[in-house]
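What follows is a single structure, written as structure tokens, with notes after it.
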Amino acid sequence: MTQRQQLNKPHHSEEEQLQESNMKTIPSLSSQTQINPISQIHNFNQCNITKLKKTNLQFNTPRKPPPLRCFASKSDQNGGNIAPLVVVGSANADIYVEIDRLPKEGETISAKTGQTLAGGKGANQAVCGGKLEYPTYFLGKVGEDANGKLITEELEKGGVNLEYLDTVGSAPTGHAVVMLQSDGQNSIIIVGGANMVGWDETLSDEDLQAVKKAGIVLLQREIPDYVNLQVAKAARAASVPVILDAGGMDSPVPEKLLSFIDILSPNETELARLTNLPTGSFEQIRQAVEKCHQIGVKQVLVKLGEKGSALFTEGEEPIRQPIISAPKVLDTTGAGDTFTAAFAVALVEGKSKKECMTFAAAAASLCVQVKGAIPSMPDRKSVLDLLQAV
């Protein structure tokens, strides 16, 4: 088990015990709940940023702090440590099988190749943050098995701080079967394992303090909703912005969880499932997003695959971002995670919303050119080089 270290300040827990069974889910998005807009993000900026220029795209690399023994104060504006990206989420071993097509019901087909790679939406996003040279912590669970060791090693290689990664003996590491077709599209089946049963019913003071010291928090839906809710509540209490990637479980998102989220980030399919509305056209997507606004989710970042992405902020015109074309698409696995994490990194660095989306689009473009999830996460230099070239 990774040894945890103490933060500089004493821990004071004021979190109430949250019961998953009491969480209210959304049959439809109709009720009204107000949340603070993410526009307050400028309070968390720790870096001096050179703005994007039309003819000279420029993203500065934040100065790396010393070894992250503790979290920096968000009020440190004088070149000290940077308030980190904290990812709370899943870690999976992705079992890849390359096939020409999906099997029909009752049919057995042969795969071209098969291999096991580190993945999971949480681990993917954490490695993306690390490779983009932003201080990143990962809070998650793995089992005492070979897959857990594989994931831990890949996270470390990605530059992620694992002070809050726990190894549990009660369940195997989560895993996913990724059926990769010849056109780069994939279908995925997830087995939750430690991601779903390795968490205590109430998070520790250490975990919650880590969240409160973050610059921004990323969540997904491959861990229990009661964990996400506790994290989101702690972040809101400390004025730390939270992005929820809607990918993962296909069950309704608890209404209370959404009330603590600053940006919801679904793809088209997830948005349709969330709102029970079609999302085949941009106008239909706009109407579905309006349902999200009605319950207080002020900003919705929709990933549109080949059609790019769009950020909807209540009361404003949406910001649309086309894809940055890749010479060849080998594997779309992890592209959405790359996009979300890169967007979060740019946002906490103080970029404008449009700059964040451009940065994220460049990172996603590089991701789809490499097979695997974590292996495809781009480094910062590659993203900057692509931005200069487009």
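From the backbone N, Cα and C atoms, a Cβ is placed for every residue, glycine too.
Taken from TrEMBL, the feature region 'Disordered' covers 1-30. Per TrEMBL, the feature compositional bias 'Polar residues' maps to 19-30. The domain 'Carbohydrate kinase PfkB' annotation in TrEMBL covers 85-379. Marked as substrate binding site by TrEMBL: N92, A93, D94, G120, K121, G122, A123, N124, E222, D337. Marked as ATP binding site by TrEMBL: N267, K303, L304, G305, E306, K307, G308, G336, D337. Feature annotation from TrEMBL assigns K(+) binding site to D331, T333, C367, V370, G372, S376. According to TrEMBL, the feature active site, proton acceptor maps to D337.
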*Given the binding-site residues N92, D94, K121, S376, which one's Cβ is surrounded by the fewest other Cβ atoms within 10 Å?*
S376
*asked:* Across the domain 'Carbohydrate kinase PfkB' (85-379), what does the mean pLDDT come to, as a whole number?
replied: 94
*Based on Cα distances to K121 (substrate binding site), point out the closest of the binding-site residues E306, G308, T333, D337, G372.*
D337
*asked:* Can you tell me which of the binding-site residues N267, E306, D337, V370, G372 is spatially closest to E222 (substrate binding site)? Compare CA atoms only.
replied: D337
*How many neighbouring Cβ atoms, not counting its own, are there within 10 Å of the Cβ of V370 (K(+) binding site)?*
16
*Just name the winner among E222, E306, D331, D337 (the binding-site residues) by count of other CB atoms within 10 A of its CB.*
D337
*Most Cβ neighbours inside 10 Å, all chains, among the binding-site residues G308, G372*: G372
*Do you know offhand how many angstrom separate T333 (K(+) binding site) and L304 (ATP binding site) by C-alpha?*
14
*Could you list the residues of the same chain, at least six apart in sequence, whose Cβ is under 8 A from the Cβ of L304 (ATP binding site)?*
N267, E268, I285, A310
